[in-house]
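Q: Starting off with a structure, shown below.
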């Protein structure tokens, strides 16, 4: 069994270099995308003015048209898709590149404006689309594209026609297929049986060819499930590892049951019984006496309790209200399938298998596993990292990082291992992955050792070890490959990676862009000449990411 694939880019394969930018190299810096010959991260005093924040972005891009090569006025090439004010008072905007009204897949630009000054741009835009022979009318229909994707799933993934669920609507995009952008359909095929999947297909709109495909289990959409009316109460039960926990429940006098429904956090935390079937969400967990000590209860106790801990961590440490930032309800189903050796975020809720008792215990028994999977939901609502190649490895690393930080926050025998509480119960000291020593379980701890094949969506669970090691070194310090890193502690490390994830990364960010994002996040939080900034640079140097 491949441990690395248990917890669950685009072929842009970015190579990046840092260069001084503009007349004042001391004030401005840039990470350069070698493939597209355009910037992917620019920071410094870029442009000042009294215009609306988005107008500053348009003006700057127009002034630097020879650098960004958009081929026209920026306001005609970019669509503002998000605007917010962060905790530092910065106006943070997300723009999506368009070509004749059609979205360019993965081409998202994040801009920061502070006190009337444009201070950073993050994200890769595809240049000179007007100079290419790009079609904007499809030769095949949406229905044909969807049939092609579903048939490929049946042929290559499930070996039978899956029972498809509603996924994201199919849409036309300009897809950067290597160095040749093409008009394509983005098709989402989502299913639970015979095995769970959430596949993204890029189908050539001219001839129906499959340009790319990957399993992105973590695409988000609003969840379902109905709460019960009743009185908030506190129950008690025993978790997977035998520890006692107090849990928030709801008593319904109408039904005469206590339900695993926590009304004290956001829009609620709900835990369901899958009854060893593969239908979601199952039944809202009910109990007659508010005491959950049966062995069958254990997985539900942990799923419910740990979901509350994750909610509290993001709220109390980062000021984030649930995974979407707007207090979305958190729903979990336990006892999914029979002996199912995995856990996943299916786009609307958490799903936990019971494990087979030998390789895995019930997955909800690992607090870092719960934190890991719910962080995928946070990523979906922020950077939206494509679950393939380096962007996918960053996606996985973010979940490992914050799953571990949740474990330390709860102070439940915390360590830098992933999944150690529920993996191979008969083997002491074993885990799925290690942040402190990725090589312990066969994962790379330096960019020179990265996996470059196509398995595991391009090594998302493998190459995450490189970023995990950088995060560990940033927190704890140490010497790695001859590079000395001064540790700044877990709290500051978490703040930096959170800010990079939420306010700087884009769907196709790679490791070099992550480095630039973390450097900028540290500068925002602690100052550009701070030890924290130096430590970020040291940590990424130590793992060979520049």
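For all residues, glycine too, the Cβ spot is worked out from N, Cα and C.
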Q: Kindly point out which candidate in 390, 396 is recorded by Swiss-Prot as part of the Zn(2+) site with 372, 376.
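A: Checking 390, 396 against Swiss-Prot: the Zn(2+) site match is 396.
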Q: In the same chain, outside 287, 289, 291, whose C-beta lies within 8 angstroms of the Cβ mean position for the Ca(2+) 1 site?
A: 235, 258, 288, 290, 292, 293
Q: For the recorded positions 368, 373, 396, 420, which one has the sparsest Cβ surroundings, going by other Cβ atoms within 10 Å?
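A: Fewest other Cβ atoms within 10 Å, among the recorded positions 368, 373, 396, 420, is found for 420.
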Q: Cα within 10 Å of residue 461 (active site, proton donor): which of the binding-site residues 289, 376, 396, 413, 415, 427 qualify?
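A: Candidates kept after distance check: 396.
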Q: Helix, strand or coil by DSSP: which one applies to residue 287 (Ca(2+) 1 binding site)?
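A: Residue 287 (Ca(2+) 1 binding site) sits in a strand per DSSP.
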Q: Measuring CA to CA, name the entry from the binding-site residues 287, 368, 396 that ends up nearest residue 423 (Ca(2+) 4 binding site).
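A: Sorting the binding-site residues by distance from residue 423 (Ca(2+) 4 binding site), the top entry is 368.
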